[in-house]
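For reference, the structure discussed in these notes is given below.
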Amino acid sequence: MTLLLDSAKKSTVDVRPTRPRLGPGRAIPYGRVLGPVVVLAAWWGASAGGLFDPRLLPAPDTVLAAALDLIERGTLQDSLLVSLQRAGIGFSIGATVGIVLALLAGLSRSGEAVVDGWMQVQRSVPTLGLIPLMILWLGIGETFKVVIIAIVVAIIIYIQTYAGLTGIDSRYVELAETVDLSRARFIRLVVLPGALPGLFVGLRLAVTGSWLSLVVLEQINATSGIGYLMFQAQNYAQTEVIVVYGLFGFVSDGLLRLVERKVLAWRSTLSG
Amino acid sequence: MALDTQRVTTPAVRVRDLVRGFGSTAVLRGLDLDIAPGQFVALLGRSGSGKSTLLRALAGLDRGVAGTGEIDVPDQVAVVFQDSRLLPWQRVLPNVVIGLDGPNADRLGRDALAEVGLAGRERAWPRELSGGEQQRVALARSLVREPALLLADEPFGALDALTRIRMHALLRELCQRHGPAVLLVTHDVDEAIVLADRVVVLVDGAIAVDRPIELAQPRSHRDPAFLSYRYELLTALGVDAE
Ligand SMILES: Nc1ncnc2c1ncn2[C@@H]1O[C@H](COP(=O)(O)OP(=O)(O)O)[C@@H](O)[C@H]1O
Ligand SMILES: [Mg+2]
């Protein structure tokens, strides 16, 4: 490409008509980090200038020190591991259930009749409100935490994946019929890739959802995990620990975005 | 092509008394059509006359459409649509060999791409190709299946005139090499005469004109015989050809 340009380059003149741009334009390099960095700088400046009461919002270096201290004592890693495990198990189960239900509802009329109506009802029930019920059914151990996370994740992923499935262009379905695709191949080559953008929206929302549920869940009769750590911090007014938590949401979302960019490389959209 | 010898063999396509309609309006009203193996038939008709309805019936894509009649088509039928229908999330080669089995699939796909002049573009995304190139990939996708019947619904309708002329030559060549029976739907009379062994015109839900084109290839638009076919077909379409 550059080779071609170089060999064609005889003059440096580049005059061309322009048009007001309607799309958002080219992506700013590291743009997603930029926002948090600006906020961080402002926070730092304001704390140094004595604008914030350090009891309400500690300075960034206090937070960093707190984080390092937590790491040194191993508390952060341990809590994180426990939480990640809970979130991971719940997330995997929930994602699988959500995707399978979405496929059932999206690919067969009877599946749609049975699954979709029920899921749309589920959606309007705030899952965290089910906590007392789940404790009653499952006891107050690990199981109910995992189950709640799984339900939260399954519903979010179901909604987005199902929307993606029903949005698949019927022309591609027709093509699949004319080349005599088997049902399994049809699902693998047409249905799943077509629903993938929707699935990714679901995954990202579900990651946030499971972190959120975790904080609530781990404040109920827990002795470990990030939520517990935060609960403790809250009790002892260690605001810095709570801020550390924000980073995880940011990192996990960033990781998913990276995967999404790779997997959806064929798309060129506004965000591209 | 040797029409007379093929007429005695069983036809590749046999349609009898075909009726198809939407709501209370009948689009096809008792249509009969035979196509011999290897014969290239162009189907002309005004917009809305039911050309696509007929083609979709032959392709088995009209499940929900009301109607009666008999249709016999070969097992191997390939369809080319007006849009290329390449899966945007698959690269070119997987799009060509979609649904094919066996260890040879990729090699066959590469050969088919080379045949349509797209060797080396196997790893491109569909959106990186021009409209004409996308349609050539769609042709490769059809031919790699070695169909006994190729159904094409205005496959060049969205292309510019120059690209269309080049696609005509390509289609002609490919069909001669692979020898499928072809039903090409078009609204372009010249395209029909240039390409087809036989042109049929759909009027009021049935074949009104059935005209073998007895011109040697390549065909010239300036040939007086060409012009007389053109006049006849345009008249059948209700266009004042003068
Ligand atoms: N899915 C459909 N629902 C209702 N009417 C249709 C449908 N498809 C085609 N038609 C009608 O049938 C007639 C023939 O359509 P079509 O076969 O697409 O025409 P052509 O391809 O010759 O332009 C038109 O009047 C069109 O409006
Ligand atoms: Mg049509």
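Every residue gets a Cβ built from N, Cα and C, even glycine.
For A:27-46 (among others), the entry in TrEMBL reads transmembrane segment. Residues 52, 57, 59-61, 250, 254, 257, 271 of the same chain lie 6 or more positions beyond the ends of the transmembrane segment (A:27-46) yet place their CB under 8 Å from a CB of it.
The annotation domain 'ABC transmembrane type-1' is assigned in TrEMBL to A:76-260.
What TrEMBL lists as transmembrane segment is A:87-108 (among others).
For the transmembrane segment (A:120-140), the residues of the chain that approach it from at least six positions outside its boundaries are 147-148, 151-152, 155, 159, 213, 216-217, 220-221, judged by C-beta separation under 8 angstroms. As annotated by TrEMBL, transmembrane segment applies to A:120-140 (among others).
Long-range neighbours of the transmembrane segment (A:146-165) within the same chain, counting only residues 6 or more positions beyond its ends whose Cβ lies under 8 Å from a Cβ of the stretch, are 86-87, 89-91, 93-95, 97-99, 101-103, 105-107, 116, 119, 122-123, 127-128, 130-131, 134, 138, 191, 194-199, 201-203, 205-206, 209-210, 213-214, 217. Taken from TrEMBL, the feature transmembrane segment applies to A:146-165 (among others).
According to TrEMBL, the feature transmembrane segment maps to A:186-207 (among others). Among residues of the same chain six or more beyond the transmembrane segment (A:186-207), those with a C-beta under 8 A of the stretch's C-beta atoms are 91, 94-95, 98-99, 102-103, 106-107, 152-153, 156-165, 167-169, 172-173, 176, 249, 252-253, 256-257, 260, 263-264, 267.
As annotated by TrEMBL, transmembrane segment applies to A:241-259 (among others).
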